[in-house]
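The following features are taken from Swiss-Prot:
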- Gln190, Gly195, Gly224, Trp243, Cys244, Gly245, Ser246: FMN binding site (BINDING)
Amino acid sequence: MRTRVAELLGAEFPICAFSHCRDVVAAVSNAGGFGILGAVAHSPKRLESELTWIEEHTGGKPYGVDVLLPPKYIGAEQGGIDAQQARELIPEGHRTFVDDLLVRYGIPAVTDRQRSSSAGGLHISPKGYQPLLDVAFAHDIRLIASALGPPPPDLVERAHNHDVLVAALAGTAQHARRHAAAGVDLIVAQGTEAGGHTGEVATMVLVPEVVDAVSPTPVLAAGGIARGRQIAAALALGAEGVWCGSVWLTTEEAETPPVVKDKFLAATSSDTVRSRSLTGKPARMLRTAWTDEWDRPDSPDPLGMPLQSALVSDPQLRINQAAGQPGAKARELATYFVGQVVGSLDRVRSARSVVLDMVEEFIDTVGQLQGLVQR
């Protein structure tokens, strides 16, 4: 599976694994793939610790870091707002809605210690993500990825000065062209099937459109990819690698809350929904009572980023804490970002096994396809 992407990344396989869990990142890189740590909610101190740990456990294997750089968000015109400012901008009606929701589902309050351990928020403004970039570039990362918008020129220049590749996620060919114009090295064409922030165009349609739009810039396919057959399809569409996220959420290494992991394992591909209820921007997640409550006609519209995250971060902590108790009604609310491929996630495996199974099925699939054209 030697492609330009594999060569650029220095990985054996062009399989990129996006995860917020350092253990998954390290395991995938050690298995020949390319682990990418999602750092948007990390403090600089925590990111320093996580990257140090990854490097100690990968023996020089390549890995990357993903940050969230949206061009539009509340407070962007003033260079961003901090967590306290975001909380002060939350309308009282939204607070009341969430408080009532938690009461109806029997969610207890968290302790101050639990709340402080989860503090952080989304670092999406320059003053929020620059300290994270300082930490990242002080380590031996191979790639920095930008989600929700073209990377700023200073980021591209800084990355290239450190011999670090720049990737950016795109949900349309138009987005991809803007990324290419910004000087990125890799473009991730992410279809609507994907978990997390997505657009409305399906992977099968999007990938060839993006490949044609940005050639010769290499493209990775994302959205609905968890098996070797899907990797073969992605490469047939013109991609030179894949970007996967959902498939790692049910691995042994994943930090996914047990209740949510069980829900993923039982879900079908029809059990996800694009909702603004967690971040304020459309993101695909598991459909649960949480998303249904926000979709009710009498519910308030979710707030823009980062206010929605500021509103629901503490309630989400409380829900996950309560959902672990047997028979808790909180289990109905528990959700997390995941793509439609969740319907294929039916057992817990190690991240290494996932990578090797992908490669084996890819080889078998390509062999079968070659047989179709032999005369």
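Just so you know, glycine gets a Cβ as well, placed from its N, Cα and C.
Taking the features listed in Swiss-Prot, we show where each one sits on the structure.
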residue : record           : Cβ contacts under 8 Å, 6 or more apart
Gln190  : FMN binding site : Leu169, Ala170, Gly171, Thr198, Gly199, Thr203, Leu206, Ala222, Gly223, Trp243
Gly195  : FMN binding site : Gly245, Ser246, Leu249, Thr272, Ala283, Arg284, Met285, Phe337, Val338, Gly339, Val342
Gly224  : FMN binding site : Gly191, Glu193, Ala194, Thr203, Gln230, Gly339, Gln340, Val341
Cys244  : FMN binding site : Ile15, Cys16, Ala17, Phe18, Ala222, Ile225, Ala226
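For Trp243 (FMN binding site), the Cβ neighbour count at a 10 Å cut-off comes to 29, with all displayed protein chains included. Look at Gly224 (FMN binding site): DSSP puts it in coil.
Under the DSSP three-state reduction, Gly245 (FMN binding site) is assigned to coil, being neither helix nor strand.
Its Cβ placed at the centre, Ser246 (FMN binding site) has 28 other Cβ atoms within 10 Å.
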